[in-house]
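Colleague: So that we are looking at the same thing, I have put the structure below in structure tokens.
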Amino acid sequence: MSNEDRVNGNSKQKQLDQFRVDDTDKKMTTNQGLKVSGDEFSLKAGERGPTLMEDFHFREKMTHFDHERIPERVVHARGYAAHGEFKLYESMKQYTKAKFLQEPGVTTPVFVRFSTVAGSRGSGELARDVRGFATKFYTEEGNYDLVGNNMPVFFIQDAIKFPDLIHAVKPEPHNEIPQAATAHDTFWDFVANNQESAHMIMWAMSDRAIPRNFRMMEGFGVHTFRFVNETGNAYFVKFHWKPTLGAHSVVWDEAQKLNGKNPDFHRTDLYESIENGDYPEFELGVQIIEEADEFKFDFDILDPTKLWPEEDVPVKIIGKMTLNRNVDNVFAETEQVAFHPGNVVPGIDFTNDPLLQGRLFSYTDTQLIRLGGPNFHELPINRPVCPFHNNQRDGYGRQTINYGQVSYHNNSLAKNTPKPANEQEGGFAHYQEKVDGNKVRARSDSFKDHFSQAVLFCHSMSNVEKEHIKDAFSFELGMVKSKSVQQQVVDMFANVNLELAQNVAENIGVVPPESGGSVITKTSKALSQENMTKKPDTRKIAVLLADGFDGTFVQAVLAALKENGAHPVVVSEKLGIVKGTDNTEINADETFLTGDSVLFDAAYLAGGINSGKKFKHNAEYFVREAFSHFKPIAASQEGKQWMKEFGMTDSPGIVVDEDMRSFTARFVAAVAAHRHWDREVDER
Ligand code: HDE
């Protein structure tokens, strides 16, 4: 689909087109439209004299520059976004009257921003952190924002604790260290003293906190929302995004190196995938609970530190989102987009989840400072695709020119318009839930079990995932300086898994707890990434080539990889042509300097009869690192000999067959498997 087709079929893109500006081949002007005659020298009193106040072009250019920055988001500052569409598979009429969920096949324009939470705008993207997954649906009934994360639960149960959580996780105030990291005293002190965080911490210490890319992670609305149908019946609902490529992660050593080799690794991946036509896809799923079943669970369904196990409440897949267009300008779109969980449409409503209730205040409030006033809804990226009318007026940066003398309600001069719409006319009517209670500052008793689902999560992990959790705790707490905090955390997690707590305690030199653990044995398959879809598609394969490679063989391997949707990238000593036998010439895309092993999903070591010592040395470093990160490695010709020398031929995920057919088939299967955990490596 060309850009033009996409724009024509997409109401949001049509709207944005009115604001897109192409400056190419144009004369330079001031912001007043005056053509500028010189842009390199300020106006001076004599060639060597002082600059004149009169130089309006200089003043305008410099003033604009001086005001270019706006405050970064207080959380989720580092993010990247793309446009796309959501297409409904199945009508949700039975549960909700939301128009965009009625007719199968109907598409709705979307804008999605992915983010890390703790780091500032320029921080590395491979931090151990939660990822934001915020979607704006531009529906014909107004904007609906599903502002979620890549983990289904949260650290706290009540919004009033959010400033405390964020103060604890951000760099410590006395020295502003560390950036984009939870591995420090204040964060873990918060955890130990706010034990409702236990379940979320298990997620944050798991592989989910270091995703391979934004395209291979799940998304969750986290809170329990409400669906309301045409007849006024309501259902509790949780939202899920399921990536069609499955959810996959990198390993911690790789994540740390990636932050140096390419701190933009995740945005580069998203940008390039969309440019290459590998459009990221996520299916939308809903879990639904009948109102009558509200109290049938062994947890409170309004508690945001609890998930609904998918085996108990199945996820119904109802549509697919495809991200198919990069932004044209990151500031105008990605930075200025303003999400708000309170942006809902008729048919979608809130529950009394105390975390959600507080969010309903915070998001508009934060935009007022971040985007400088109350008219941020008029910024092109934030405008709904349907008209909007009310009596709100004025304020910084107002763009709408509202006609007439009337800007109040009720009125007679404008026939009492704009007029509220009744429900039949599409007016939003808050769900009339009956509430009755005393005003109290309290936590419901039903929110007081902090450990059962942390145990469920822990039990549901594969052995490797459990090891990674143990290592993550040991790293994070190893960075904590306070022995007391370390001890408190270890004692706290004895409630989740005694062995885990004891191992970590030993690793960090505190007293291993003697008792703890849980009698809960329940597991949920859906929680382990090991059980997810695995495909070779869009995987980036480094092909290590030197002059004299086997032309026919290598060409066939490259063709097979491409046929299976993978992307081979040739890495050699120099950029330019690498010459093989049979007159084969292949262009090297990267050198060993620019194409480090951590940037790839797999390696194919071909070498060539003319490989020099240096090539062999670089290739060895490359494959050893890929090996230690459990990546698939294939080798042929010289490469195969070297793999023998390196002692790496007899491990899972290593492919060195002679026969071409089985070689490529095995390699593609090894790539699809993502990582080969049953390999004996000294994992750092
Ligand atoms: Fe947010 N959150 N949050 N949050 N959040 C913001 O809004 C807040 C929470 C999430 O790409 C801020 O526009 C409070 C849960 C995402 O622009 C701010 C509480 C979930 C994004 C804010 C939470 C999220 C934000 C900062 C506890 C997952 C990035 C900038 C009650 C369901 C959106 C902004 C984007 C951003 C407040 C908890 C997701 C300050 C008070 C739970 C994805 O308003």
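Positions of Cβ are set from backbone N, Cα and C atoms, glycine also.
Just so you know, TrEMBL annotations are computer predictions that nobody has curated.
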Colleague: According to TrEMBL, ARG73, ARG113, ARG359, TYR363, ARG370 bind heme; so which of PHE41, PHE155, PHE162 is the extra one listed there?
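Modeller: The candidate from PHE41, PHE155, PHE162 that TrEMBL ties to heme along with ARG73, ARG113, ARG359, TYR363, ARG370 is PHE162.
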Colleague: Treating G and I as helix alongside H, and B as strand alongside E, what does DSSP give for the compositional bias 'Basic and acidic residues' (14-28) in helix, strand and coil?
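Modeller: Helix (H, G, I), strand (E, B), coil: 4 helix, 0 strand, 11 coil.
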Colleague: Counting every protein chain present, what is the number of Cβ atoms, excluding its own, within 10 Å of the Cβ of ARG370 (heme binding site)?
Modeller: 16
Colleague: Can you tell me how many other Cβ atoms are located within 10 Å of the Cβ belonging to HIS76 (active site)?
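Modeller: For HIS76 (active site), the count of other Cβ atoms within 10 Å is 22.
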Colleague: Rounding to the nearest whole angstrom, report the longest C-alpha distance spanning ARG73, ARG113, PHE162, ARG359, TYR363, ARG370, listed for heme.
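Modeller: Roughly 21 Å, rounded to the nearest whole number.
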Colleague: So among ARG113, PHE162, ARG370, all listed as binding-site residues, which is physically nearest to HIS76 (active site)? Use the C-alpha atoms.
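Modeller: Spatially nearest to HIS76 (active site) by Cα position is ARG113.
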